């Protein structure tokens, strides 16, 4: 094709119908579904960054990201080469990986040669280019500010002001409008683009339709996007501003959970495309038109993502990654299959003195093992840390609270905070004082940061903060008060507890009635496989973390509690299960809790491994010695757990581990107060006897499950559709943040700046960052997290899991498309088989 013909092809391309074109709307909806949501910092939870791609295979997704998003979801070739050289990938793993990807057409030795060769830089055979990208290519080598970067900065600046949740001193004047309309209103006065050489920017935006969908359709037509490339072009545009797209998707996700519809992401897509359209209109030169026509011609020849031979370098890397995972999986399977269970079972009495239920979080695996060492007679249990109580917990002085349940669920009940043993007068006094202190703190902050008073404030009051800076630096005080106790006197904070009695708050019903309590208690106990015998003390230990100066602090708290600590859920569950009327109701349902059994709510601090037991004064006097023994054993277990974690934390002096770990939790310069869930690679749903005594290194989610107690496999279905999926989200967030932190992580923690109280920027500009900081997966010299997809092991009949996968297409997609590796555990874990697809199981 001649250059003239190429230039003319922009107008010759068949136009895509705009406002009434159902196909366009399908493309928009489909593109928006590709974006994974990003929860705000106040309840930051792990999300699978590939959530919108689980309907296709892992390999196809790798090809899609290279071709459409122009980024990788695998490690660099050098990583696999090093693993080969270190012996972490053996020939057997390579051969198995080649069997999975036969289209690569290589033998083991050929693959090793390819791995050790320097991969030639290559691009996929057909890509989806954007206007800004084409313009940047044309300007390569010039002293030139990237238009892609400029566009992202400008959109990010608008979003930061528009979505602000209270950080900005001056709220956006267009907040009342929808995003697209608000942006167009501001764009009419914005001269920044024209200063950058984008002539006619404001006119180009003004001529676009006011409706975002119509604007998208018009832009697609004017740009001449081939019909088969429309959806990919929209996906590419959304991933150009992936962080803000993810936050907009969160807004939509929240609306969908409440049965509503929200088009914030569509509006943001229109803004992004409008920028491209303005760039397109500003360039009328032949060089650009020819380059754009070539890009559209290439986009019209999009390949099938399944044809990995179109991208041979990617195919080699996929096989190498598969082999890397197989080698790690084989080691894990060998350890599980070779672990004896008889001795562990024999040590447990028929009625253990203590049963301690912990969250399935991988950090609990270390503590459970430590507690079983310190207290061999104790039985530990693994269950999602919300303990089956999906509540919205409303602190004193608030009208709304946080969702204390997995983000896949919607809170079913509202529980308000109250002061124990306080009458109505004292409750009102506490509420009024807290509100007064918060208003005063807000006014003081406004005075400190306002444009007029900030300079005089530093001059007159700066020295007064010297002592505070010193004590904060020494870890004696916190730079910012904990929101849990902010505005409360210490003696009042110690008396705060959840109020279970039915009530009303702002027109909403709060608390539980007796029928609801019995139903929730029954469901929780059955899901934990805890229906008897019951110990004298049953500990329900939620978990949270203690850090300072950490924007992602909630990401270290309990994901099953929606990015909050598990304290509220543990205390609510314990209070319900101690209720005599609830026990009467449970007895009628076949669950008999003895009179001498008491449930305790507790909180495991994953940063320090300290365990706090709540409501001790309610424990019957007859159990005082039992409680004292339990607390002593918990303290022993904490020391053992800290000692085990000290190596990874880089604490060389074993005699000073306790002090060093606690100091990290108070150090505002510490970028790695703990390792979170780094290293996670397995999810095991089985009786504890399958794994008791086995050191899994804090890498496995452990969920207690006894198939023989599960009538109709209802609990199994709950496990596979909720905890297993949440573990998959966590695993793939760590995976993405490791393989490509620039795209799926949040970069360097040291450079983070909070924006709008909802997320972080790396530096003072650029896109909103998603995922985990680099310091969460890397210790400065090596990776701490191994990028491995989740290996799931369930002690249940394969036929039952097959039926669940047939009923649950989302779970089936995860298994069949290789996002999790599902295995069955038979014969006490000595027989392990992997699921290829429902009904097809092979030897692992």
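Heads up, the Cβ atoms here are built off N, Cα and C, so glycines get one too.
Values in this document were obtained by computation on a predicted structure and should not be read as measured data.
Feature annotations, courtesy of Swiss-Prot:
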type    : residues           : note
BINDING : 359, 361, 543, 558 : Zn(2+) binding site
Problem set entry | Around the Cβ of residue 543 (Zn(2+) binding site), the count of other Cβ atoms that are within 10 Å | 27
Exercise. Apart from 359, 361, 543, 558, which residues in this chain have a Cβ no more than 8 Å from the mean position of the Cβ atoms of those residues at the Zn(2+) site?
Worked result: 358, 360, 363, 364, 385, 542, 544, 557, 559, 560, 561, 566, 604, 606
Exercise. So how many other Cβ atoms are close to residue 558 (Zn(2+) binding site), meaning within 10 Å of its Cβ?
Worked result: 29
Seminar exercise, completed: Lowest 10 Å Cβ neighbour count of the binding-site residues 359, 361 is held by 361
Problem set entry | For residue 359 (Zn(2+) binding site): DSSP state (helix, strand, coil) | coil
